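Notes to accompany the following structure.
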Amino acid sequence: MSEFLQAKDHRRILHVDIDAFYAQVEMRDNPKLRQVPLGIGRDPDQHHGHGVIATANYIARKAGVHSAMGAIEAKKACPNLVFVAPNFEKYRAISAQIHAIFHEFTDMIEPVALDEAYLDVSANKMAAPTLAAQLRHRIWEETHLTCSVGVSYNKVLAKLGSEHHKPNGVTVIPHDLAQDFMLNLPIRKFRGVGQKTLEKFEKLGVKDGRDLFAMSLDDLRVHFGSFGDVLYWQARATHFSPVKDRSVRQSVGKESTFEFALHDRSQIEAAFKDLAEKVVANMTKRKLLGRTLTVKIRDEQFKTQTKGITQSTTFDLDPAFMARQAMLIFDELYPEEFAIRLLGITFSNIVEQKYEAVSLFDQF
Ligand SMILES: [Mg+2]
């Protein structure tokens, strides 16, 4: 194996997947649905045979119902299947609740679906399996939903881990077990392997990771093009794709440094006004609002102070108002003479404007 592979990938990544999400939510909210085969989708008898199953509970899955299956086909497989129409608004609200819990553990979150995400918890001091247990506990506590979690050092292994003991399980795949795990994995479970690839592998006599591992990189490229590289490294339990943080930004801010220190209060005021305008423009463009306004001040001795104000509601995006708030903080920190080299204004406790609109509406 090439030399760089001897260096360990030290990341710690969780893959979290709520078990049969839509179905579990409906079972949670209606006890009558808990002991029956349940399909989330429209009843074909009431909708002219149209519709697909978005999710099925585990009772229905045992009868052969699976997601993306046509509703008629599902009913054939399981004649007593109970249909419940999906309520995406409800699922989105629960998803937001779950995401807020993710943020208790890390801000490096890559959502894959409403009920599924990768979390890079490398920066957290606690051991990853402990974090997985805590995360599952928090989700249960807040939402009364169970999930499965995979823990490993890359996304592929974390995802395979969460699939390994489903539902309601945790699978940890540490470095010393990863290679063995991949060697024993059926070929259909490799990432990106669909029906077409599977047929090719069948012809090649490749049934599992062990067979795949035996193939050379050149051979794999001949048969699968650039996907051959992906397969080659997957078989070696190696995958460097980062957790792509697509969650709502945690803060929006702007700083200015001054070549010549500012000594005059009116200069400070003007600088804050300018910063506030830039931050407001950025927030407006991204349709974001913030509840915490933080001011950062660095003086000529390189002493840096930050101080914030948190409101129970979001701040109005009004640069003049923000500049006044910033000045209140400034005057408190520098009541007398000063020589300022840097000023900054940042919004945190960010929410998206659409969520804010919903919560205001709900109060009435
Ligand atoms: Mg799921």
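Backbone N, Cα and C define each Cβ position, glycine as well.
Annotations in TrEMBL come from automatic prediction, not curation.
Sequence annotations record features per position, and here TrEMBL assigns domain 'UmuC' to 13-194.
The annotation Mg(2+) binding site is assigned in TrEMBL to D17, D115. DSSP assigns D115 (Mg(2+) binding site) to coil in the three-state reduction, placing it in neither a helix nor a strand. Cβ neighbour count for D115 (Mg(2+) binding site): 22 (other Cβ atoms within 10 Å of its Cβ, all protein chains included).
Cβ contacts within 10 Å of Y22 (site 'Substrate discrimination'), excluding its own Cβ and spanning all protein chains shown: 27. The feature site 'Substrate discrimination' is assigned by TrEMBL to Y22.
Residue environment of E116 (active site) contains 19 other Cβ atoms, counted within 10 Å of its Cβ in all protein chains. Among the features that TrEMBL reports, active site is placed at E116.
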Protein Cβ atoms within 10 Å of D17 (Mg(2+) binding site), excluding its own: 20
Nearest-integer angstrom distance between the alpha carbons (Cα) of E116 (active site) and D17 (Mg(2+) binding site): 4
Whole-number Å value for how far Y22 (site 'Substrate discrimination') lies from D115 (Mg(2+) binding site) (Cα to Cα): 9
